[in-house]
């Protein structure tokens, strides 16, 4: 058996020491050995951390000589290292940081993967008390030069690209900051010599950075793809600014970006709105920077500094721990000024007190200290912008606050809404489209009895998810959704009363009697496209059913509500498809509720889940046309199966072409017809016939 190297023997002794010391209650580093490849590492010293001094030394491992661990101060050879000790509860957190950083390693632009590490050392961290060694931490440092790190931070201002023409992240496969991602050819952090290694296996499609692929009808495609001979005659000549993929990635959600702790942060100047005018989707600016409101990202996290886009309504719900809550409660909204045309706009702020804290705060069973100072937290913030042309004319903010104890514990649910209203709109209901519905707009509804009902609803659970604390949110057109809540039921619950209670809660979601066929139907005129809701017969709540007399069992409980909405495309306005509602049906489904007992059946409240779902079903506006004899016999000329489409040869001259005004299409068609007739008349047979006719006239 071969002999062990000094480094392996030292590592084994320290590891054995780290395992045995906690058993005796002695101080020990966790972990006792670290292989360091980044500029910073951390370890924890546990057990007897009072009056302990931490020192760092550099081990000179020579072949055949095992260095003896010593406890002492910093030596000259460790001036490149920094040791920070942070006390924790009964422990010490030790941070070892390399002062030079990765920039010193990547200074040589000609570095390659085959070069040795720029830092190769062995460090020993010692904990001592009164010159007596207590514990040791061995660190093997191997830091390699990062050839993918580039230093192009010459600009001091960030340029946010227009998302209408490209997504905010033009290289989706660039997942690592300041580092080269393999097979990601659009990653600007990759050096040319590194990119050559995987140039033949780059990621394709949108993930690889091809966020705006050329259309297959574009003339530039013929240079890169195999195209038929007639393609140059029928291809489309258009600049990239009119690509059919514009705006395809525009409506994206916010996603967080995590940066390493050693990354250099530069100060970026904000975008200069000299004219203070906005376009749809532009971030709203204040006199101090971007106007931000917490929003939920794609990963489900709550981003505290997410910009608000102009004319983009949203409703976000964030959940946070009250113990570490550092929210927006200290922000003075009255001092905020919105930049816009005509000068800054000062918001009008209204404060209200929350009535039921159980809807917002879920507290554990803990006893709070008596006499602690209270504090205010914002549980809801509602922002209503008034816009006119390309500017903001006003901002109304409603803040719902709650007063809680300073020692309050638990989870708090916060809600933030942003709504844009026209400057000329009053208290009337907002349209959901003109005339057809827009995707994501509320389904308009009314009650013939004059009740204040404007839409259909689903549940928005909060806290423990109980129905008593659940809020309501509108049903949005074109978005299938499922929601639910929990109803507390006792073991001795009366089944008839339970059915009536459940049915009443489900009816609250669909109090309306009619829904609007179009997005701009008039609320004051019932004949202006209002459809009566088709309601399936609800189950009889007072029926005497089997098992109804048994405690803890209730059959035929209407616990599920399904809403089906039939929609169709009813034409187009200026080339934009207009969608409308054909019918709305509500139907109940029953379940058998049974009290869930453990080892013993105690008289405690059980939870009955109630659910409500909405489904949008698209119905064709007209039956599809049967295939013609030409399509059946000549499948190679079928427009739906082949690139070549002879029936659409004159498509620009038909009424279906909406790329240009019809008058221009007619003028171009007549000009083309005139040129065609002139070409036919000037052909050789016609010229010869004219010459023959002239010769015959001369002889006569």
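Every residue, even glycine, has its Cβ placed from backbone N, Cα and C.
According to Swiss-Prot, the signal peptide annotation covers 1-25, on the basis of sequence analysis.
Note on the topological domain 'Extracellular' (26-665): its mean pLDDT in the predicted model is 76. What Swiss-Prot records for 26-665 is topological domain 'Extracellular'.
As annotated by Swiss-Prot, N-linked glycosylation site applies to 76 (among others).
The N-linked glycosylation site feature in Swiss-Prot is assigned to 82 (among others); the stated evidence is sequence analysis. Within the same chain, residues at least 6 positions away in sequence whose Cβ sits under 8 Å from that of residue 82 (N-linked glycosylation site) are 96, 97, 98, 99. Following the DSSP three-state reduction, the secondary structure of residue 82 (N-linked glycosylation site) is strand.
Marked as N-linked glycosylation site by Swiss-Prot on the basis of sequence analysis: 146 (among others).
Swiss-Prot lists 156 (among others) with the feature N-linked glycosylation site.
Taken from Swiss-Prot, the feature N-linked glycosylation site applies to 389 (among others). Other Cβ atoms within 10 Å of the Cβ of residue 389 (N-linked glycosylation site), summed over all protein chains shown, number 9.
If you look up Swiss-Prot, you'll see 666-682 marked as transmembrane segment, on the strength of sequence analysis.
Annotation comment: Swiss-Prot describes 683-700 as topological domain 'Cytoplasmic'.
The secondary structure of residue 389 (N-linked glycosylation site), as reduced to three states from DSSP, is coil rather than helix or strand.
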